[in-house]
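Asks: Here it is: the structure, laid out below.
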Amino acid sequence: MTTNKYIATPSRTKDILGKYHFTFKKSLGQNFLVDVSVLQNIIRHAGITKDTAAIEIGPGIGALTEQLAIHADQVVAFEIDQRLLPILQDTLGEYSNVSVIHQDILKADVTKVIDEHFKEGQEVHVVANLPYYITTPILMKLIRDRLPVTSLTVMIQKEVADRMSGEPNSKSYGSLSLAVQYYSEAKVVMNVPKQVFMPQPNVDSSILQLTMRKQPPVEVTDEDFFFEIIQASFAQRRKTLKNNLTRFFKGVHDKEKIDHILQEAGVEGIRRGESLTMEEFAQVANTFYQYQSK
């Protein structure tokens, strides 16, 4: 198929939207990509080949789905907007390796879908242009569920991509960085200007790649408690670790006790949460956890 016939061009996208009298729903964060080269970059970074399978979230009118269908073995796309189903049937009609599921990804049993649609042991990648308003819940569900997928390569708001891939002592580093990086290795592979979308959003985007870890990079006694400690440490970014944790443990440990536990963990209480590595947070959480039942 020649490039000008691809869905992801301004003229073809306008034709499809006009044919179906489609209007964008702001509540669903619908912004369609109209630059084929950006899509092909996503496919390349995602490592999609004819041996791999792909899961897409929010296919829209099928621009990314089409590129996945061309390059992957099998594609399953989750679409929540019923109005798009007949459009997808039309635009993707020639691709026999695409299945569209009308379901909210947050309610889907993705592991079951993988088992039912893909070959046993096949390498699976999640590839998506995610709606900005629900990016974090979707990604956190997918990585916390520890799906049998190799990576997630997603187009998201640049600011969120920076936060998810943030490193200690940077403005973007916080509890979200640590949550994402506990389950995956995160890196921004490409920045994408807002001009390549229809309608044009107010912000620029980035392509973020999350490579799933087989094991977390740190050992923690209790995962929930570990993430509670992290959240508490960033509750007020300008405050010290000691002050934030004193507030968190109010009625349980006084300031003196918190100082003592932090010393035992080998971390100075005068530091701020943004300066701690994941290893240091694990040490702090594991040390405090020992005192939970004392």
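Cβ from N, Cα, C; glycine included.
Straight from Swiss-Prot, here's the annotation block:
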BINDING   Asn31, Leu33, Gly58, Glu79, Asp104, Asn129  S-adenosyl-L-methionine binding site
Asks: Max CA to CA distance in Å over the S-adenosyl-L-methionine-binding set Asn31, Leu33, Gly58, Glu79, Asp104, Asn129?
Replies: 21
Asks: Find, among the binding-site residues listed as Asn31, Asn129, the one whose Cβ has the highest number of other Cβ atoms within 10 Å in the structure shown.
Replies: Asn129
Asks: Tell me, how many other CB atoms lie within 10 A of the CB of Glu79 (S-adenosyl-L-methionine binding site), whichever protein chain they belong to?
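Replies: 23, counting other Cβ atoms within 10 Å of Glu79 (S-adenosyl-L-methionine binding site).
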Asks: Would you count the other CB atoms within 10 A of the CB of Gly58 (S-adenosyl-L-methionine binding site), including those on all shown protein chains?
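Replies: Its Cβ shell of radius 10 Å holds 22 other Cβ atoms.
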Asks: Using CB atoms and a 10 A radius, I'd like the single residue among the binding-site residues Leu33, Asp104 with the highest neighbour count.
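Replies: That would be Leu33, with the highest Cβ count within 10 Å.
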